[in-house]
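Below: one structure, written as structure tokens.
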Amino acid sequence: MEDTAQPLQKLEGVVEHRIYENADTGYAVFEVNVGDQDIVVAGNVGSVDNGMQITAYGHLINHPHYGQQFRAESCEMRLPQDTTGLLSYLSSGVLPYIGPATAKKIIKAFGEDVLTVISETPQRLCEIKGITPEKAAAISNEFRRMYGVREVIAWFAQFGLSSQNAVTAYRAFGPHTIEALNQNPYLLCGEPLQLKFSDVDKIAAALHVELGSRLRVTAGIVYVLRHNAGNGHTCLPRAKLLETTAKFLLVTSLDIENGLDELLQSGELQPRTFDDTEYIFLPDLLSAEEDIAARLGELSTFPTEPPKTLESDIHALEIVQGFPYAPLQREAIRMALSNRVMVLTGGPGTGKTTTVNAILSLYEGEYDRVALCAPTGRAAKRLSELTHHTASTIHRLLEVDYTTGAVRFIHNEKNLLKYDVIILDEMSMVDVKLFQSLLAAARYHCRIIMVGDADQLPSVGPGNILGEILSAGVVPTVRLTEIFRQAQKSLIVQNAHRIVQGEQPQKGTAQDDFFIMEKNGLACQKLICDLVSERLPRAYGFDPIRDIQVLCPAKKGTTGSVELNRCLQEVLNPPSPRKPQLGGEKGSKILRLGDKVMQIKNDYDITFERSGAEAGVGAYNGDMGIITEVDVESRSVTVMMDDRKYVYSADQLGELEPAYAVTIHKSQGSEFPAIIVPVADVPPRLRYRNLLYTGVTRARKLCILTGSHWIVEQMVRNVRQNLRYSCLRYLLKEAATPPAERR
Ligand SMILES: Nc1ncnc2c1ncn2[C@@H]1O[C@H](COP(=O)(O)OP(=O)(O)OP(=O)(O)O)[C@@H](O)[C@H]1O
């Protein structure tokens, strides 16, 4: 967050001493002799060695902890040329078997040619006493490897790309990285770097790759598919893919058609045809949908014997809770006990949780190991509060393997989970890859109960599993429809059902838990601040920070989450000399002592402590907490999320955002005592039913819509189900059909 607007300064000198180096990220700190003094240089510049000549570009800054240092944005390095530099370089232990004494002997023997000898004719090193042919080969190999990384860093630097990217590329592509990238710069769009296509296009243009070249076209097609996976599609119809790619790449459709055929032939992409439409998949997403379909299809076709005492067991539960189950609830309970897989779906207040509780009790009488889980930390917490059973996130159930860098799970098909039953709530939020992983780790006989509301927004990741399962009609399903009397009293519940049925929500009166207040633009912004800071705490006793949540359809605009966060932070947690803070430069986000914050991406590595309980790792997208400490010196922030205490270091602060106002998308799976949804200035593309429905159903005790009623009307009317391309429904039907009956 420091000032980088000033022109870059240049620093030239010779590396005197390495202080710190992180081989994974390419971050290095070292002392450089610039003639009359030594200056500490830090930055993502890759590996450096004593004696190297460097030219760095960056800024001289005053680090609060380490004092004056040069923060390098980029750095060119040359191996030492003269014998003094060479001696310093070789004496530093940079190469195996060469210490200061051997370095002296080698330089004496080969002078300024020493590095050429090491690289080209290492056998000549055997002229030095003590260097065997094996040692000479090891020295030469190590030198070439290091030099290779450096060359890759230099190649990346000429296109303005970081050393961190270079180190990652070198690790993926090996000693021939530059050769491979010169031949096909579009490799940079794929794993592991996934750079933006337009940026790679510029590099390709500099390397004289033509617009219509096969390399560019095939990379463009894969890129379009991957981009669409980011928007939730597991595949695209062939025609749509061709059309989108042609527009994106500005080349003829014939070129694209040929490119696609090549990718299909090589297996880099895979086709499936259903209802006369050819769908094109990235292989990993196809195998995710196929695996899910195969498993659920198989489980669906093998019902089990229900326990003989089932009816009397259900009756016993009814006596304990004091009311009978409704017919559909009974059907769901029976289904859970007589099938290996099922879906339980329904809107708010239709008795899903009551039914899950019954299923849980009966399963616990039957089986030893029943797991309850949900896709997010907040959803798991809510589930465990409602059922009084331990519930965990799917990630925690599968246990993330932290050692590999990529997200892998400790429980998988080779190391199965030891559960007899898995009950999975908030199914609408689960994406195909995560569900594939969960099913793969489930034992063969494990029952799978999926619970969710298909009218909620679909998952952030690719797929629309719940919607697809329901439309396939293969998996045994109960759809609860009755709104129970208890829930009927709530206008939140009534209005949620109205919205789903395309009816307008009713404005409430003073006794109700749902209101619509007409205000637009800045007046709406001001109204929200007043409601949160004064009116609702006064009228209902809500804590403005912990109980009230503003949920925005959009990020941008006067009543978007960014602007509202700024205003609410100012009102609820204003600056004060007693409240240290970070950020704020040039309008960047501020993190201040006492702020409510949200974790905005999954971090599987971050550790937390708990007083009186075991420490652990992981903070997940959507987790919320309060800043309890800000250390300006080390630029670190301490956050309490329930009983978990996290310390975010300077480089992890990007994972946190103020959370007085969050988007409805980020609030999926969570509930709050009171919510306010600004329905003013909502961009047209975000005016749709499921978004409003998901927002409204997050409220437990109070829901206020502030904005204009005609935007509410538009949102209710617009049923543009976030159309998601997926073939799970077809694959499920196929999997549940005996082979002989398939077409
Ligand atoms: N068979 C029943 N008879 C009477 N009341 C019931 C019955 N089943 C559930 N209820 C009541 O209806 C209300 C809503 O039930 P429940 O919490 O199970 O619904 P839900 O679908 O999980 O709702 P939400 O999704 O909003 O959490 C609760 O007060 C519950 O006690």
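All positions are counted from 1 along the displayed chain.
Cβ coordinates come from backbone N, Cα and C, glycine included.
As given in TrEMBL:
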{"type": "BINDING", "residues": "Gly349, Thr350, Gly351, Lys352, Thr353", "note": "ATP binding site"}
{"type": "DOMAIN", "residues": "338-481", "note": "domain 'AAA+ ATPase'"}
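Sequence-distant neighbours of Gly351 (ATP binding site) (same chain, six or more apart, CB under 8 Å from its CB) are Tyr325, Ala326, Gln329, Leu480, Glu482, Phe484, listed in sequence order. Of the binding-site residues Thr350, Thr353, Thr350 has the largest number of other Cβ atoms within 10 Å of its own Cβ.
Across the residues of the domain 'AAA+ ATPase' (338-481), the predicted structure has a mean pLDDT of 92. Using the Cβ center of Gly349, Thr350, Gly351, Lys352, Thr353 for ATP, the list of other same-chain residues with Cβ within 8 Å runs, in sequence order, Gly346, Gly347, Pro348, Thr354, Thr355, Leu480, Phe484, Ala487. Helix, strand and coil counts under DSSP for the domain 'AAA+ ATPase' (338-481) come to 53 helix, 33 strand, 58 coil.
Proximity of Gly349 (ATP binding site) to non-local residues of its own chain (separation of 6 or more, Cβ distance below 8 Å) is seen for Ile483, Phe484, Gln486, Ala487, Gln488, Ser490, Val493, given in sequence order. A C-beta separation below 8 Å, combined with a sequence spacing of at least six in one chain, links Lys352 (ATP binding site) to Leu344, Thr345, Gly346, Val451, Asp453, Leu480.
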